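Enquirer: First the structure, then my questions, so here it is.
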Amino acid sequence: MKTKMSFGEALEVLKQGMQVYRSGWNGKNMFLFLKSSDALASDFGFGFGEYINEPVFGNIIFIKTADNKIHAWVPSQTDVLAEDWDIVS
């Protein structure tokens with residue numbers, strides 16, 4: 001598999017269900033993963049049309065941090081322009 005990807009290439013890898021990270025990140029064991037809207041709705045017990053005003057979920061990219069927490073992730077300009085993205089093996 002190709003390593004040292006651009007952010008655009010890393011996004012495509014996320015869409016395929018794999019996890020990615022930047023070799024330039026300081027924290028150990030940090031990586032991104034994509035959770036689909038269908039999976040999120042199912043996790044929260046929605047998506048079946050059972051409730052009035054049932055929320056609609058969108059796809060979300062999450063980060064697993066060095067201190068073992070999961071957060072929604074928003075890229076910095078540095079992340080977007082980086083060419084050091086890699087696939088978690």
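Using the three backbone atoms N, Cα and C, a Cβ is placed for every residue, glycine included.
Note that this is a predicted model, so its numbers are computed, not measured.
Copying in the features that Swiss-Prot gives for the protein in this structure:
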{"type": "BINDING", "residues": "TRP25, ASN26, TRP73, ASP79", "note": "3'cADPR binding site"}
{"type": "BINDING", "residues": "SER42", "note": "Mg(2+) binding site"}
Enquirer: May I ask which of the binding-site residues TRP25, ASN26, TRP73, ASP79 is closest to SER42 (Mg(2+) binding site) if we compare their C-alpha atoms?
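Expert: That would be TRP73, the closest of TRP25, ASN26, TRP73, ASP79 to SER42 (Mg(2+) binding site).
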Enquirer: Please find which two of TRP25, ASN26, TRP73, ASP79 have the most distant C-alpha atoms, given that the record lists them as binding 3'cADPR, and give only that distance in angstrom, rounded to a whole number.
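Expert: Taking every pair among TRP25, ASN26, TRP73, ASP79, the longest Cα gap is 16 Å.
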Enquirer: For the recorded 3'cADPR site formed by TRP25, ASN26, TRP73, ASP79, name the remaining residues of the chain with Cβ within 8 Å of the site's Cβ center, in chain order.
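Expert: Here the nearby residues are TYR21, ARG22, GLY24, GLY27, MET30, ILE63, SER76.
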Enquirer: Quick one: what's DSSP say for TRP73 (3'cADPR binding site), helix, strand or coil?
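Expert: Where TRP73 (3'cADPR binding site) sits, the three-state DSSP reduction gives coil.
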Enquirer: Out of ASN26, SER42, which of the binding-site residues has the smallest number of neighbouring Cβ atoms within 10 Å?
Expert: ASN26
Enquirer: Give the number of CB atoms, excluding that of TRP25 (3'cADPR binding site) itself, located within 10 Å of its CB.
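Expert: Result for TRP25 (3'cADPR binding site): 16 neighbouring Cβ atoms inside 10 Å.
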Enquirer: What three-state class does DSSP give the residue listed as 'Mg(2+) binding site'?
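Expert: In three-state terms, the residue listed as 'Mg(2+) binding site' counts as helix.
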Enquirer: Give me the long-range Cβ neighbours of ASP79 (3'cADPR binding site): same chain, 6+ apart, Cβ under 8 Å, in sequence order.
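Expert: ASP79 (3'cADPR binding site) has long-range Cβ partners PHE7, ARG22.
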